[in-house]
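Q: One structure, pasted below without further comment.
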Amino acid sequence: MSTAGKVIKCKAAVLWEVKKPFSIEDVEVAPPKAYEVRIKMVAVGICRTDDHVVSGNLVSPLPAILGHEAAGIVESVGEGVTTVKPGDKVIPLFTPQCGKCRVCKSPEGNYCVKNDLSNPRGTLQDGTRRFTCRGKPIHHFVGTSTFSQYTVVDENAVAKIDAASPLEKVCLIGCGFSTGYGSAVNVAKVTPGSVCAVFGLGGVGLSAVMGCKAAGAARIIAVDINKDKFAKAKELGATECINPQDYKKPIQEVLKEMTDGGVDFSFEVIGRLDTMMASLLCCHEACGTSVIVGVPPDSQNLSINPMLLLTGRTWKGAVYGGFKSREGIPKLVADFMAKKFSLDALITHVLPFEKINEGFDLLRSGKSIRTVLTF
């Protein structure tokens with residue numbers, strides 16, 4: 001029996017308040033409105049950004065259904081939708097590509113004005129919500145809300161992908177892999193023979209290591225306080241791994257000594273102000289580029305000496321690895337299908353969706369790189 005045009009009742013993980021576990025609830029998911037798509041989720045990755053909301057470091061309206069790194073199958077479409085149809089395999093996009101705004105029309109940048117990242121409303125683009133639980137409307141998260149068996153997204157925030165794609169793997173391209181890999185190849189534009197440093201060896205950081213290797217970096221120095229992640233980093237391309245806790249001097253000084261004055265490219269993939277500064281300071285003062293990849297804590301600021309930039313450093317950042325989402329994500333999936341890279345090393349745990357809290361515990365304890373939840 002077709003569910004198109006009807007309210008769907010299903011299971012979802014609702015975050016009712018910060019610093020509390022997710023609650024598996026029965027929710028109602030309304031049909032898609034015009035230019036919207038309802039998706040049956042198949043697999044979803046657990047990303048540190050979701051945990052930033054749980055901890056309160058990233059403010060987003062609650063109660064909400066979080067989740068943004070996922071893959072699924074189109075269940076139904078709203079009026080006017082032309083780019084996907086029921087049955088298509090898709091990846092929801094936490095940064096849309098409307099194709100009409102100044103950013104989308106420019107060859108540079110990908111931060112479409114339709115995003116719900118800067119000042120999150122917790123709604124779809126028309127300002128309304130599609131989830132109800134216990135008689136209450138539930139907020140969306142960055143326009144995706146993939147911790148649910150069904151979700152509704154705007155058409156400009158969904159990417160159709162190869163019909164043969166293994167969704168339990170390519171879901172990582174929905175955030176972690178694309179963000180890290182793209183930070184190296186698109187944002188920093190790592191050059192052959194260069195020296196790179198990557199701070200943070202979670203799923204995004206390791207993807208940045210993979211991007212540096214793909215771009216031809218000669219040295220890739222991986223930095224983390226969890227030595228258990230070093231073997232995986234070397235497997236994926238790191239040439240050296242260092243633990244800041246092994247040194248008495250600041251890690252940026254260690255890196256400068258190791259690299260004749262500083263690295264060519266550095267990446268902060270943690271989301272801490274102190275490591276953002278260390279990442280900036282470790283790149284060469286005359287020609288280094290430092291990229292902010294990790295999501296910073298809410299309402300916190302960095303203060304720097306402008307001389308650090310006047311000498312020639314470049315300090316930049318980007319979401320989604322600089323990919324224009326609707327164009328870039330399907331191409332990455334195609335590259336994966338062509339075996340240009342593997343995602344297997346990033347997926348350390350696969351759990352049923354109902355064990356979402358266990359998956360977050362693995363993340364917080366440093367025991368996992370990426371946990372994929374299956375529906």
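Heads up, the Cβ atoms here are built off N, Cα and C, so glycines get one too.
The N-acetylserine annotation in Swiss-Prot covers SER2 and rests on similarity to another entry. Residues or ranges marked as phosphoserine by Swiss-Prot on the basis of similarity to another entry: SER23. The phosphotyrosine annotation in Swiss-Prot covers TYR35 and rests on similarity to another entry. For CYS47, HIS68, CYS175, the entry in Swiss-Prot reads Zn(2+) 1 binding site. What Swiss-Prot lists as Zn(2+) 2 binding site is CYS98, CYS101, CYS104, CYS112. Taken from Swiss-Prot, the feature NAD(+) binding site applies to GLY200, LEU201, GLY202, GLY203, VAL204, GLY205, ASP224, LYS229, VAL293, GLY294, VAL295, ARG370, supported by similarity to another entry.
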Q: Out of SER2, SER23, CYS47, HIS68, CYS101, which of these recorded positions is nearest GLY200 (NAD(+) binding site) by C-alpha distance?
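A: Closest by Cα: CYS47.
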Q: How many angstrom lie between the most widely spaced Cα atoms of the NAD(+) binders GLY200, LEU201, GLY202, GLY203, VAL204, GLY205, ASP224, LYS229, VAL293, GLY294, VAL295, ARG370?
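A: The two farthest binding residues have Cα atoms 21 Å apart.
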Q: Which of the three DSSP states, helix, strand or coil, fits the residue listed as 'phosphoserine'?
A: strand
Q: Going by a 10 angstroms cut-off between Cβ atoms, which of the modified residues SER2, SER23 has the sparsest surroundings?
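A: Counting other Cβ atoms within 10 Å of each of the modified residues SER2, SER23 gives the minimum at SER2.
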Q: With the cut-off set at 10 Å between Cβ atoms, which of these binding-site residues ends up with the most neighbours? Options: CYS98, CYS104, CYS112, VAL293, VAL295.
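A: By the 10 Å Cβ neighbour count, VAL293 comes out on top.
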Q: I'm trying to understand the geometry here, so how far is the Cα atom of ASP224 (NAD(+) binding site) from the Cα atom of CYS98 (Zn(2+) 2 binding site), in Å to the nearest whole number?
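A: The Cα atom of ASP224 (NAD(+) binding site) is 37 Å away from the Cα atom of CYS98 (Zn(2+) 2 binding site).
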Q: Can you figure out which of TYR35, CYS98, CYS112, VAL295 (the recorded positions) comes closest in space to CYS175 (Zn(2+) 1 binding site), comparing Cα atoms?
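A: With Cα distances computed to CYS175 (Zn(2+) 1 binding site), the winner among TYR35, CYS98, CYS112, VAL295 is VAL295.
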Q: Return only the integer: C-alpha distance in Å from CYS47 (Zn(2+) 1 binding site) to VAL204 (NAD(+) binding site).
A: 9
Q: Starting from each candidate's C-beta and looking 10 angstroms out, tell me which of the binding-site residues CYS47, CYS101, VAL204 has the most other C-beta atoms.
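A: Of the binding-site residues CYS47, CYS101, VAL204, the highest Cβ count within 10 Å belongs to VAL204.
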Q: Considering the recorded positions TYR35, GLY200, GLY202, ASP224, which residue's Cβ sits among the greatest number of other Cβ atoms within 10 Å?
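A: When each Cβ's neighbours within 10 Å are tallied, GLY200 tops the list.
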Q: With the Zn(2+) 2 site defined by CYS98, CYS101, CYS104, CYS112, which remaining residues of that chain have Cβ atoms positioned within 8 Å of the Cβ centroid?
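A: Result: PRO96, GLN97, GLY99, LYS100, ARG102, VAL103, LYS105, VAL113, LYS114, ASN156.
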Q: Taking the centroid of the Cβ atoms of CYS47, HIS68, CYS175 (Zn(2+) 1 site), which other same-chain residues have Cβ within 8 Å of it?
A: GLY45, THR49, ASP50, GLY67, GLU69, ALA70, PHE94, THR144, GLY174, GLY176, THR179
Q: For VAL204 (NAD(+) binding site), which of the recorded positions SER2, HIS68, CYS98, CYS112 has the nearest Cα in space?
A: HIS68
